[in-house]
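Chemist: So TrEMBL lists the following for this protein:
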DOMAIN    9-302  domain 'UvrD-like helicase ATP-binding'
BINDING   30, 31, 32, 33, 34, 35, 36, 37  ATP binding site
DOMAIN    303-574  domain 'UvrD-like helicase C-terminal'
Ligand code: ATP
Ligand code: MG
């Protein structure tokens, strides 16, 4: 078999047609589990083996870092090496472009990527000038982020907000939700925040998209250059692109038109981050010559699951109907169960997981517990822990977001971007004896244009600085100087990380903490040095910092650990599990109380649809009549989605399968 036909084998006809589509736009619209992601990776491999594209001419864009890593892996397996194919998130692709060309729109390419934590810090600082307290600053931050994702700058903000309000679209409903929380000061706070970012030479995550679009708009020659580099662009989860991502793509593929988009409008769930499902419709307008392929077979789930999900999503009025036929034979189960309270619910799922795993020879990682909001996870965690079931909460802080990792890297950031006073402040506050006032003094002098090491030595000599602070400031100044030389001489990042961690006594301080948590921190710094050593093979400090910044918001996904996965419905996108527990299916939680009408309700339904369709063999949808939240116990009504799925639900008695035994009997028999 030739390499090319090997890539096409194991695909159905429609999938083959999409994978082997030649040049020109291609749109794959299909339901969950139909092999969209599979088509995308096979298409990348096919483009290379058929000789149409060189690997480095391909850009494959996905939604999360994790999905990008997985995609790279799959391509590697198909091709025996990625050989230069870029599989990235939108953010990292834009960052890649900006690092090389941002000077053309007046941005110093040494800019720092301001992560969520630093962003919050800057916002609180800015908001204070407008007499806003931290919660209001956070609300303004959400509005600013939303606006940037819609490509709206501070000047256009008031007009945009006024125009959008009452438009009746999902975007306008979500915008109203975001903007209503933060009062009239937003445009001013927005402008002041952008000023502040400029001062520290920083771009936040949303800016990466915003500025990359500006670059391509203002400099068509630059856009053309990148279109020659990435001649083939493929996008997964296209239904969740926002305006900025959409525009950037358009500008990139305008000329060559070799764009592949795969997605499912029924799975568009990121309206709160300004994702706009209309983009799929616009795709057809912009590329009238596009080939459109529908995939109509579901390989993932048993018919019991697909039929229930299908019934549910048909309740959405704004949608195009799709056919999705399960290829798997009957089997598995799909049930709805009700419980008195969340403890009973949690105990049930812990027991059920143990029983199913033993009975069917499954792994812990074959199970997922999905909920609407993070705050719900605690009860389930407790029940699993009590039974000794290993679990991971996907959503807790991941490696790159850990304090000790960010502390060590902050030293390097200060050197790479001399105006990064956010990192400088962080580093100063780590030093014994140094407090807020001194850190602020240092930051102000650096912002006035002086080198950090010089400022530190100066401030150390000022009257009023204590002895301890003095010696630690001098030591820090020396550390920064050594790091600067090291970076200039292109010393390995691993070596520089180690030096940064040790020279100011940071590691020694961590090591003093003998608690488990303290020891874990020490081990994490060790892991950072190893990660840096790995990166040294291909890049250096700059690449390390980039990777860290982009991944700082990533949650711990448990890696390859054999453990039950607990996560929000949003996080479950694109994944699949043998058994899924969709918990807390109650009015107020699902649909969320803020989104119980209009287009937002339809998005909640899509969210439920995404959750249900993660299940391969078993799906348990559960709800409780009583749930305690914020210390208050409340009576709940079952989610309207249960009925829509076809379950017979009686709020006060029990829930039954469509045609089956009572759940109580079943459980009694099974446990
Ligand atoms: P989602 O909308 O949830 O992202 P998707 O359309 O991207 O789903 P995939 O994740 O690509 O679907 O595929 C779902 C499952 O079906 C995977 O386990 C995949 O390996 C399997 N699959 C897809 N196509 C085929 C096929 N032709 N033969 C056998 N298995 C397939
Ligand atoms: Mg997919």
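Glycine too: its Cβ is placed from the backbone N, Cα and C atoms.
Remember, TrEMBL labels are computer predictions, not curated facts.
These figures come from a predicted structure and were not determined experimentally.
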Chemist: List the other residues in this chain whose Cβ sits within 8 Å of the Cβ centroid of the ATP site residues 30, 31, 32, 33, 34, 35, 36, 37, in sequence order.
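Modeler: Filtered neighbour residues, in order: 264, 295, 298, 299, 300.
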Chemist: Which of the listed binding-site residues (34, 37) has the least company, meaning the fewest other Cβ atoms within 10 Å of its Cβ?
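Modeler: It is 37 that, of the binding-site residues 34, 37, has the fewest other Cβ atoms within 10 Å.
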Chemist: Go through the binding-site residues 30, 31, 33, 34, 37 and pull out the ones with a Cβ less than 6 angstroms from some atom of ligand 2.
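Modeler: Near ligand 2, sequence order: 37.
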Chemist: Mind looking up the mean pLDDT for the domain 'UvrD-like helicase ATP-binding' (9-302) in the predicted model?
Modeler: 91
Chemist: From the binding-site residues listed here (31, 33, 36, 37), select those whose CB sits under 6 A from an atom of ligand 1.
Modeler: 33, 36, 37
Chemist: Check residue 34 (ATP binding site) against DSSP and tell me helix, strand or coil, would you?
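Modeler: In three-state terms, residue 34 (ATP binding site) counts as coil.
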Chemist: Compile a sequence-ordered list of residues in the same chain as residue 31 (ATP binding site), six or more apart from it, whose Cβ lies below 8 A from its Cβ; state 'none' when nothing qualifies.
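Modeler: The list for residue 31 (ATP binding site) reads 264, 266, 295, 298, 322, 324, 613, given in order along the sequence.
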Chemist: Let me spell it out: for each of the binding-site residues (32, 33, 35), count the other Cβ atoms within 10 Å of that residue's Cβ, using every protein chain shown. Which one has the most?
Modeler: 33
Chemist: Suppose we draw a 10 Å sphere around the Cβ of residue 30 (ATP binding site). How many other Cβ atoms does it contain, all chains included?
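Modeler: I count 25 other Cβ atoms within 10 Å of it.
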